[in-house]
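Would you mind keeping the following structure in view while I ask a few things?
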Amino acid sequence: MSTSTQNIPWYRHLNRAQWRAFSAAWLGYLLDGFDFVLIALVLTEVQSEFGLTTVQAASLISAAFISRWFGGLLLGAMGDRYGRRLAMVSSIILFSVGTLACGFAPGYTTMFIARLVIGMGMAGEYGSSATYVIESWPKHLRNKASGFLISGFSVGAVVAAQVYSLVVPVWGWRALFFIGILPIIFALWLRKNIPEAEDWKEKHAGKAPVRTMVDILYRGEHRIINILMTFVAAAALWFCFAGNLQNAAIVAGLGLLCAVIFISFMVQSSGKRWPTGVMLMLVVLFAFLYSWPIQALLPTYLKTELAYDPHTVANVLFFSGFGAAVGCCVGGFLGDWLGTRKAYVCSLLASQILIIPVFAIGGTNVWVLGLLLFFQQMLGQGIAGILPKLIGGYFDTAQRAAGLGFTYNVGALGGALAPILGALIAQRLDLGTALASLSFSLTFVVILLIGLDMPSRVQRWLRPEALRTHDAIDDKPFSGAVPLGSGKGAFVKTKS
């Protein structure tokens, strides 16, 4: 950024087309958050109407996780081959079909399939929309682009909680899904006329189509084996999250099988840069493991241990969700000021100061608890708004949408595991202590993984010939690309 532009407010560096593109993508993220909270809120009504068991009802939430990894891969590859815009439109169409099908669903099977479709749309939304917005904004604003965009998820969660209390008592649970289709239509209209991302256009101008992750896995020499492994992974995830398996050893074995399959896909598609991809999946996995126990079980904690009534629970959840939304935006500013990794680490360290007081204060003073949750979620959950920027920087433009979509949505399986871990620990401790200890300990794992730049470090250890020394999005150096103590002079920009 030149000296002459430093005095211009950041928002004036963006033109109308860039803001329109951002709005179209942000609405998609709002719908993601809206749907996540929506299915949890109406679960008891759906269970009662369809006569479902508790396991069947819970599987409707898990269904989205079962299909997300494949949606991230498929729609991400579409974005790499045909452009980010087409993948964004396809994602929102999948979302629309799934949402409408939920509203019209006559029974469990139809709704389960609809949730699978929604999961694919959600995954494509994350990979394509995040990549599109980040690549469309100027390099010095790309942490803001990422953070502002992800704030839509938290806003959607807050909106869903408020709409639920107004709509369901009068019109029933199906009306919520029909209401959810309105912003989808608006987002689709916005996306129809947005320009293609600048980075993608520059990369593909006058060049032959790239070989995408889908081409490598499903059209290459190992395509038959990979197709079989895809079905095996889907079946294993179904049994893990919806199959009512009581044997922990079997569940662990199936989980390990899925991990082997996903790592195999990453090794095949990333070539010599597979260590980076595998470490990024671990980063996302632990990011979900530290944050989602609170996301999923906070309402239960407020109802059971603090004995709050539904109105008070809604108020506290508003503080939590709004804090996360604000934190995404704050994280964007911090990331552009301090750098992505340094901002991430500083924010998580600050959040650690608040996590114990949140669950130690009790329920006597609702407003103090709400404020503590606001700031803890702002610092601990909100900083995840720049996670797409962090992940995307490790991938070249030609592979970024699929790389981001696949690594994030495989790691997002931690969101399905996190509530289970919290509930298991709560069998020996009270729920508040379980949530605090789980979040506190696992946050340090993420701090180490990001702070030490382990994706670059492990790449340097295992396959140094394919090491990327600079962020592909903003050209800033990767600290893990050189040995400790080598100094800034050791950074020599390399192509990958």
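Glycine is treated like the rest: Cβ placed from N, Cα and C.
These figures come from a predicted structure and were not determined experimentally.
So Swiss-Prot lists these for the protein:
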TRANSMEM  22-42  transmembrane segment
TRANSMEM  58-78  transmembrane segment
TRANSMEM  86-106  transmembrane segment
TRANSMEM  116-136  transmembrane segment
TRANSMEM  170-190  transmembrane segment
TRANSMEM  224-244  transmembrane segment
TRANSMEM  247-267  transmembrane segment
TRANSMEM  313-333  transmembrane segment
TRANSMEM  353-373  transmembrane segment
TRANSMEM  378-398  transmembrane segment
TRANSMEM  406-426  transmembrane segment
TRANSMEM  431-451  transmembrane segment
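Describe the structural context of these features.
Proximity of distant same-chain residues to the transmembrane segment (22-42), defined by a Cβ-Cβ separation under 8 Å and at least 6 residues beyond the stretch ends, is recorded for 14, 60-61, 64, 88, 91-92, 95, 99, 102, 115, 118, 122, 125-126, 129-130, 132-133, 136-137, 145, 148-161, 164, 168, 173, 176-177, 180, 183-184, 186-187, 190-191, 194.
Long-range contacts of the transmembrane segment (58-78) within its own chain (CB-CB distance under 8 A, at least 6 residues past either end) are made by residues 39-40, 43, 46, 86-87, 90-91, 94, 108, 111-112, 115-124, 126-128, 131, 212-215, 217, 230, 233-234, 237-238, 241-242, 262, 265, 401-406, 408-410, 412-413, 415-416.
For the transmembrane segment (116-136), the residues of the chain that approach it from at least six positions outside its boundaries are 18, 21-22, 25, 28-29, 31-32, 35, 63-72, 74-76, 78-79, 84-85, 87-88, 90-99, 101-102, 142, 145-146, 149-150, 195, 197-200, 388-389, 392, 397, 400-402, 404-406, 408-409, 473, judged by C-beta separation under 8 angstroms.
Panel annotation: around the transmembrane segment (170-190), residues 20, 23-24, 27-28, 30-31, 34-35, 38, 41-42, 45-46, 49, 89, 92-93, 95-96, 99-100, 102-104, 160, 163-164 of the same chain, lying at least six beyond its termini, place a Cβ under 8 Å from a Cβ of the stretch.
Using a Cβ-Cβ cut-off under 8 Å and counting only residues 6 or more beyond its ends in the same chain, the transmembrane segment (224-244) has close neighbours at 55-56, 58-59, 62-63, 65-67, 69-70, 112, 217-218, 250-251, 254-255, 257-258, 261-262, 264-265, 268, 413, 416.
Beyond the ends of the transmembrane segment (406-426), by six or more residues, the same chain brings 62, 65, 68-69, 71-73, 76, 123, 126-127, 213, 237, 241, 258, 262, 265-266, 269, 277, 280-289, 291-293, 295-297, 387-388, 391, 434-435, 437-438 to within a C-beta distance below 8 angstroms of the stretch.
Within the chain carrying the transmembrane segment (431-451), a Cβ under 8 angstroms from the stretch's Cβ atoms is held by residues 279, 282-283, 286-287, 289-291, 293-294, 297-298, 300-301, 304-305, 341, 344-345, 348-349, 351-352, 355-356, 358-360, 380, 390, 418, 421-423, 425, all 6 or more beyond its ends.
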